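Before any comments, here is the structure.
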């Protein structure tokens, strides 16, 4: 490998530790990570060199792994939703725009190996390229460590998004509905208090209680505070409905 290749390989190794810390997973075989970050434009500039592969095969596998895990999350969190609704939610969650945003949030663009032309044309910020790299990274983690580590990453990234689409999935925004009910009945607004934060930094789980005039009304948990608040509001509404007070 030429001098530029050695420098590029070294750069990948140096950035690997930073990237691993960000996703909460340390690779046993960093070759999987290096391949996930290698765009075909970089490979095309080094035709004839041995052992260089782009990330397109990993992208293919990552798409399947991501689809499985997001489907599993939707199936568990929206037990009353029918297949068509779940399919639409899944399509919106794993679309290019969402994946590119997640890749940008994790800073994947700056870790990429790109050819000169791709670099000059702004490839590090190109949405399609970032989305593909996100899928390739998930596949790399899967091949290196199995489904468990990938599921933790996907839960971390997608749980806040699931909370955001909860109203679209059910036709209800539980926090807003709860607030309107409380204002009508009690002339005040509910409040939420965070009572527990569990798990490592890359896999937090929040527990909150919903209160009205200082009285505890319900409790909910989620991967984000917003999701936990929605869960708490939903619990209160469900209880009121069961008691015939909805």
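Cβ atoms here come from the backbone N, Cα and C positions, even for glycine.
Here Swiss-Prot flags 16-146 as domain 'RNase III'. Under DSSP, residues within the domain 'RNase III' (16-146) fall into helix, strand and coil as 94 helix, 2 strand, 35 coil.
Under the heading Mg(2+) binding site, Swiss-Prot lists 59, 132, 135. Using a 10 Å Cβ-Cβ cutoff, residue 132 (Mg(2+) binding site) registers 24 neighbours.
What Swiss-Prot lists as active site is 63 (among others), and the listing cites sequence analysis.
Residues or ranges marked as active site in Swiss-Prot (evidence: sequence analysis): 135 (among others). Non-local contacts of residue 135 (Mg(2+) binding site) by the CB criterion (under 8 A, 6+ apart in sequence, same chain) comprise 58, 59, 62, 63, 66, 99.
Residues or ranges marked as domain 'DRBM' in Swiss-Prot (evidence: sequence analysis): 173-242.
If you draw a 10 Å sphere around the CB of residue 59 (Mg(2+) binding site), it holds 19 other CB atoms from the protein chains shown. The Cβ centroid of 59, 132, 135 marks the Mg(2+) site; residues of that chain outside this set whose Cβ lies within 8 Å of it are 55, 56, 58, 60, 62, 63, 131, 133, 134, 136, 139, given in sequence order.
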